[in-house]
Structure formats: C-alpha cells, structure tokens
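The structure appears right after this line, and notes come after that.
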Amino acid sequence: MSSARTPLPTLNERDTEQPTLGHLDSKPSSKSNMLRGRNSATSADEQPHIGNYRLLKTIGKGNFAKVKLARHILTGKEVAVKIIDKTQLNSSSLQKLFREVRIMKVLNHPNIVKLFEVIETEKTLYLVMEYASGGEVFDYLVAHGRMKEKEARAKFRQIVSAVQYCHQKFIVHRDLKAENLLLDADMNIKIADFGFSNEFTFGNKLDTFCGSPPYAAPELFQGKKIDGPEVDVWSLGVILYTLVSGSLPFDGQNLKELRERVLRGKYRIPFYMSTDCENLLKKFLILNPSKRGTLEQIMKDRWMNVGHEDDELKPYVEPLPDYKDPRRTELMVSMGYTREEIQDSLVGQRYNEVMATYLLLGYKSSELEGDTITLKPRPSADLTNSSAPSPSHKVQRSVSANPKQRRSSDQAVPAIPTSNSYSKKTQSNNAENKRPEEETGRKASSTAKVPASPLPGLDRKKTTPAPSTNSVLSTSTNRSRNSPLLDRASLGQASIQNGKDSLTMPGSRASTASASAAVSAARPRQHQKSMSASVHPNKASGLPPTESNCEVPRPSTAPQRVPVASPSAHNISSSSGAPDRTNFPRGVSSRSTFHAGQLRQVRDQQNLPYGVTPASPSGHSQGRRGASGSIFSKFTSKFVRRNLNEPESKDRVETLRPHVVGSGGTDKDKEEFREAKPRSLRFTWSMKTTSSMEPNEMMREIRKVLDANSCQSELHERYMLLCVHGTPGHENFVQWEMEVCKLPRLSLNGVRFKRISGTSMAFKNIASKIANELKL
C-alpha cells in the first residue's frame, strides 16, 4: 500500500500557479494497475469496467468530463463514476478541482454527498461518488409545485444542518440552490456540487463573485469582499422561499433587472405563508450581511422547530469513525482482503478500492428488491488505487434494478484499459440493509440528530399537492392580486435542462413536464403581502468589475448536473394546452453559476431577456408575466454550455445501438431476456401514464404510437425502448427512453419517459404528443 498523500495546500482565490500532480500518485507505475477492464475474450455486449465497477450507462456529459452510472461488482451497490479528462484542464481549473477534492474528503454528514473512491491514470481521473436516487429538489418542485410548510420544514432542517456543518469546518459552499439539493431513496436531502466551495477564515476576505444570480447575495452583485458564510445564509433564504412558494423571491427579464431587485431587497410574501415562516425569511434576506443571522441562531427559530419542540435542531456532531465494524471486516476478509490492508486504508483515508468496499458495505441500498446483497470474491489481480482528491458529484436515480439487463448506450469513456475477467464464483450473505455507525458520520443516533424526512417514497401522491392551508392572514398588510407561482397548468408545458455555464451539454440531463392542469383551474386568485427591506444600497448598474486574474469557471461541475432518472423529472403530463413559460429558462447565462472571470460575458448579456442568449439563434423571448407565473417562469431550462450555433457533436448525436440479446448472445442470455419482468419503481408518484394492460400489450401500443409519429425506436431491454425523433444536428432532434414499469403494491403498470438528449422543448413536444395518443 502506498503511504498517505500530503494534503493539498490551501489555495488563494487569486493564485493561478500550476498545482503539482505529485500528490495524486507519486508512483506512476502503480497507475497502470489501478484499472481493470474487460478481457478481450468476453462477450461483445458486456459492459466495460473501471476498477471494481461495471459501467452501466452514461448519465451526463461535458466538455472535459462524463458521468457513468455504475455498479460495484463486489457488493452490487450502485454508484456514479465521474470521469474527468485532466489533459483538457488548465492550471486554474486544476486548482479548483483539487480544492473541491480536498473539501469533499473532510465532509462526513448524512445530508452531504459522499466520496467513495478515486482512481487515477496519467490523463484521467475517475471519481466514485455516493448515489442519490431521488433526483433534484428542483425537479420535485417542477413536478409538484410548492411544498406544504411541514414538508418544506423537514427538508430545510436537513439543509441547514448540512450547511451549518460546513461552516463549523470553515467551509463555504457558495453555490447553494435547488438544483444542487438532491434527494435519496428515502427523500432525505443530499447537498452536492462543491466545485465553488472554499475554505474561509474570518478576517481574510474572499473576493470572487461566483454562484447562481437568483440565489446570489447583494454584496456579490456590488463586488464587495466577503467572509463567506453570510452568502450561504442569503442563498438559504432564497431556497426556503422557493420551497414554500414554488417561485424565486427575486427575478427579472435580464441580469440588470434581477440585480436591481436583489439590491432593493423587496420580495412578495404569498398569503398562504405562515407568519413564523415570514419572520424566518427576514432573518435570511437582510441586505446588510453583518445583520444576517448565523445558522446557529437560525436553528433555534420557532418555525424551524414546529413539531420538533422536544428535538430542537442543533449543530451536527460528527461521530467517531467506525473503522472496526466486525460484520463488514469479516465480509471483506471473505472476499480476499486482509485485515491489515483494511485498517491501513481506513485509517489512512486512502479512498482506494479497499476503503470504497468498506464504505459501500455500510450504505443502505437504493434497490427495491430486498435486504440481501450478493458478494463476490476480490479479483485475483490486486488493485491499489491512489488516495486522490475527488470532486463532488451529482448523484442520479437508478436506471436499472437488474444489472444483468442493463446495457450502456454510450460505452466510450477515456482510457479504459483491459484486464482479466472476474471470477464467476459468488457467495450470498444476508447483510443489514441499513447504514451502521461508520466513519462517514452517517449515524442517525449521533449527539445531534440529523433531521429526518417524514415522507417515504412509497407514500408519495401522484398528483400535484394542494395549496397549503396553514395561511396566516394579516389585515394590516397590503395584498397584491398576483400569485407567485401557483399556475400548475404550465407545469405540463415546460421542460428542464440542467448544467453549468460552458461545460454541461443539453444531453446531460433529462427534462420534465409533469403536472395536472386541472389543479390551477380550480384555484382562486392568490393574494400576497409585500415586505421590503429597510436598507437600500447604491443603485449601481451591472455586476461588479473584474480583474484579469479572477477565477475562471470550474470544469468539474458538468457531470454533476445530471439526475437523469429523477422520478419527478421525466414523466410527461398528458395535458399540453397550457402556454409555454420561458421567461426564466435554466439554459441561459443569466441563471448560470459562474465565477468572476466570466463577468465580462455576463455584462454583455445582462440586458438580454432570460429566454435569449447570444449563442442561441432561435431563442425568442416571451413577455414577462409578472409574479403569477409557474415555476417554469423561473426555471424552464437547465444551463447549456455548448454554443447553440455549433452543430451537435458526434458524442451527442449518438446512433442508437441495440443492446438486446441477439444472435451473439448465449442461450442463457436469451432465456433471461424472455423471462424478464418490468422493474418496479420506488416512487409511485412518478408514474403519469398507468394502465392495467399487460406489459407486452403496452409495448405493442407504444410501438404503434411511435411509428405513427415517425419516431425510430429500438429495444434496449425487454420493456425499454430507445426512441429518436427529428433530424440530427437540428433543434427538433431528441432521444429518449420509454419504459414499461410496475407500480409497487399495485396491479398497475406505467410508462416512464426519460430524455437522453436534445432540447427540453423538443422533448416536451413529442413526448406530450405520444402520451396523449397512447390508448392504455
């Protein structure tokens, strides 16, 4: 085993020197042993391997990175593998990558995405991250609208707990937003994407503008230096408002308008928001950063602890690491690991295959199938993975409950070497399906309890939640006739694309258009009360000036913007009559997370409407619809970094390859294929098209409708079709999956839609048309 690596030095915000790579692995010869791929004699349709992970499919792409859904071969646990091409990163980008890595390695909180393993070659870095199967909070809001305050409180307590934990470790996130909040299989929060995070010291100011403009604190727009935590506190206020109201407190048709509204500090309070919640917001959204509450103070707030009077939210106390769990140790010994290397890897925080196996054995599976895991013996070719830093990663919802059937639709990854195939011998062990007390700090019974989500996935409603009834009306408050965001009809009309400026491709994320149009029709006109801040900053125009040595955009975030199979994000409403909302799209620079180095471009664009970017020849702006738009008036598309004037790259316009068992498959493979059954979806509320028809009949109906709409399709699995519509290279081109799934505990089947590539609007148009024409 190699010795512990020297930790990365603290990086200055302005420092742009080339970081040394020696800390990643001082022995280049060991790198070649870190990866084992497929034996050339294995079947052609077998998925490639990286280390102990079988790659299942691509779930995100960027200019310099890619994310693959993978399965840990030894334990069967699903993970996300982020593949970063180091040769494409400049020195500044490498610095931020290493800083992100260092930060992720010291964070052990149950509501923060966890790093498992790092594998490095000379040109490529493979990062194995925790997998959150529930998708983004953003997608949940898109599909369901605002949360009731009880649900919002459960989520927000977890968010505050995790962010306060970061602050007590002198780490500031700087990019908190609904898109960076994930949900696991039990609907618990997982904070992701620490690419803009940094270490702070009170008295040493940070001076870089970074973050997403709608969530950015006013002092960032003014170009002031910051301590750090106060900008996270402001962003948390925006998040709380978004959870409870379903809209952003500050928006505008362009960056200049947004900036003016943030600096004015005025926002609308919807009538249904409780007084306690309104009072809490006033502690977050204070223009003067020195007067904003600390998170320790926020934890004691009345609204935060409603229903938790005997369990007041307190700072999380990280439990002592558990490096000697006898159950996991014995399991690993039975796989072929020695007790000495297990202890050395854990105590030394190697982040190698040994540590990853130990951690994964302690993690609860996101699978629906049960409490058993199949363990395989360790491969004979020993691996020693480098203890390299690892960036944060956006984890994704599972796309397959059966690894035998999953075939990757894009198996091209950087530098996957070949190696001997794995042993076929396996042994089954009944293992607890819960997380034991372990070194990651994910112990539910620690000194400060981690806020739990009271909403198990199977109890989710399929329809959009009704308006909250816990309104506190004040007769002394002037009320507007506009609603912040309750027009649910538009939820079925827009779709989302996720990503970050100049890195994430449109195909890195699926889109959504799921909601019931009937809900908003029955709603009375909503009223609002207004609240304005008492501090009015100078009305300067534009964003703060930049210097030539400001930070440049980080390269490591694109793969993190890809909860591809979010249960709430990929199902199409059958209603398609509501108007499209595009005044606040996710795919434009005005909503992108960026560093100060990008401000020159931003200033050039700040007078453009949100729906138009200079890169988009076809972008057209719709008139601003006031405060009454749906969440799609804020979030209609994800960030797109590819210049839309450029044609689709070959990597994006993939030719669909059949992955069904054909003439090259064995008789056993063919038999397994014939006997395959629809997989069960954990979240019943993600099913929008349900039927009591037999799965085979549903597949025939789907193919019939696809043919009628000139859509090409190929059988990817027994009950999954890969579909294509439009002309490659054109805006109407879209690829998506249609899968027949079983609803747990019900005698019904449903159809799941998931976008693979193409614009969100193109996907929405064809998917809505198909959903409407299906006769199920």
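Just so it is clear, glycine is given a Cβ too, placed from its N, Cα and C backbone atoms.
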Correct range for region 'Disordered' (source Swiss-Prot, candidates 1-46, 277-322): 1-46
Position flagged as phosphoserine [Swiss-Prot], chosen from Ser495, Ser568, Ser633: Ser568
Candidate set Ser390, Ser483, annotation phosphoserine, source Swiss-Prot, matching residue: Ser483
Of Ser93, Thr275, Thr294, Ser710 (the modified residues), the residue whose Cβ has the fewest other Cβ atoms within 10 Å: Ser710
Among Ser93, Asp175, Ser212, Thr294, which are recorded as recorded positions, the nearest neighbour of Ser710 (phosphoserine) by Cα: Ser212
Using Cα positions only, nearest of the recorded positions to Ser212 (phosphoserine) (Ser93, Asp175, Thr275): Asp175
CB contacts for Ser274 (phosphoserine) [other CB atoms within 10 A, all chains]: 16
From recorded positions Ser93, Asp175, Ser274, the one whose Cα lies nearest Thr294 (phosphothreonine): Asp175
Rounded inter-Cα distance in Å - Thr275 (phosphothreonine), Asp175 (active site, proton acceptor): 28
Integer Å distance between the CA atoms belonging to Ser274 (phosphoserine) and Ser93 (phosphoserine): 44
Reduced DSSP assignment, Ser93 (phosphoserine): helix
